[in-house]
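I grabbed these lines from TrEMBL:
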DOMAIN    59-300  domain 'NADP-dependent oxidoreductase'
ACT_SITE  Tyr87  active site, proton donor
SITE      Lys116  site 'Lowers pKa of active site Tyr'
BINDING   His149  substrate binding site
Amino acid sequence: MAAAAAIPLTPLDTRIERVLPTREDSGYSSPVEPPSPGSFTVKLNDGNEIPLLALGVYKAPNGQETEDAVTIALDAGYRHIDSAARYANEEACGRAVRKWLEKTGTPREDVFITTKLWDADHGYEATLGALCESLRKFQLDYFDLYLIHSPSDDKEKRHQSWRALETAQKLGKVRSIGVSNFGASHLDGLLAEARVVPAVNQIEVHPFCQRRALIDVCRGHGIAIEAYSPLARGDKLRDPRITRIAERNGRTPAQILLNWNISRGNIVLPKSLTAGRILSNMESFSFTLSPEDFAELDALGSENYVTGSLHRSED
Ligand SMILES: NC(=O)c1ccc[n+]([C@@H]2O[C@H](COP(=O)([O-])OP(=O)(O)OC[C@H]3O[C@@H](n4cnc5c(N)ncnc54)[C@H](OP(=O)(O)O)[C@@H]3O)[C@@H](O)[C@H]2O)c1
């Protein structure tokens, strides 16, 4: 994938001064447009690059509405789609991606596709079967990232699933492999047996659920953080502490939440099926929050999960 800019992952306490190059320091001047925020990437521990921004598609139907949203996102400059077998919309996402690649003549390598192994499919053979089924639904030859959606309670099965992911990576069916909803103890157990260190851990992260301890553990192993529910599912967008910062910066509350995460080097996966929101969520890169803004956001809390107990990885 051609990287417009690589933002190195940073320790949690080191903020990136300026999230993206401005038009001036990108070297671009009018009428040439600066690169789209959708193409900004970070490097994973396996050397592959992953776009910092993805369109999340949880609860998106397996039909035209999702096809349209994915197409709008790709047209706007997103280059990363985050799906899952559990979301039951892999066909719609695949149709949209393939049509868009064909329409625009874009090479497959320029779009980053993630999907996930559902909990019912843990185990070596079952994992490989589930991966093949997801590839069939997407009608793709490989995924850029395949994740274990949640750690099975059965440690042996969990590790068998990981071995299957390692095999799939060797076979070229997935370029990067990672986990989701893994806590520190799950990671410890996995790393003791794994040949490949997970490239990412996808967990709930936003200013109301900061997960500092777990993020420190992941960073210590070179595991990138994918922040899911980065908009706190929309629940906190009217919180006066967020709207005050948004007004101060002339930004939307959603952009403030996304900027907080991106500024920490986290990959963000905002979900929207609404064209205007898909577009405005992209504009979360081009401003810098002040130290005072960060202090206020950092003070909001650490354990206010919006996704419920199913997805609480123990830190
Ligand atoms: N690995 C896991 O276990 C896991 C768990 C949860 C989520 N995820 C991933 O992370 C993605 C995002 O998480 P999420 O879907 O839970 O929640 P989210 O992205 O935090 O929030 C999505 C909600 O916010 C609304 N929204 C989006 N942009 C907005 C804006 N600019 N202004 C106001 N409202 C806005 C959306 O509505 P509309 O769609 O109506 O615009 C939707 O209701 C998922 O889609 C999925 O890909 C992974």
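Numbering starts at 1 and runs along the chain as it is shown here.
Quick reminder: no glycine exception, Cβ is built from N, Cα and C everywhere.
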Report, as a single number, how many Cβ atoms besides its own are within 10 Å of the Cβ of His149 (substrate binding site).
23
I'd like to know which of these recorded positions, Tyr87, Lys116, is least surrounded, judged by other CB atoms within 10 A.
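Per-residue Cβ counts within 10 Å for the recorded positions Tyr87, Lys116 bottom out at Tyr87.
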Should Tyr87 (active site, proton donor) be counted as helix, strand, or coil on the basis of DSSP?
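Helix, per DSSP.
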Three-state secondary structure of Lys116 (site 'Lowers pKa of active site Tyr') from DSSP?
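SS state of Lys116 (site 'Lowers pKa of active site Tyr') = strand.
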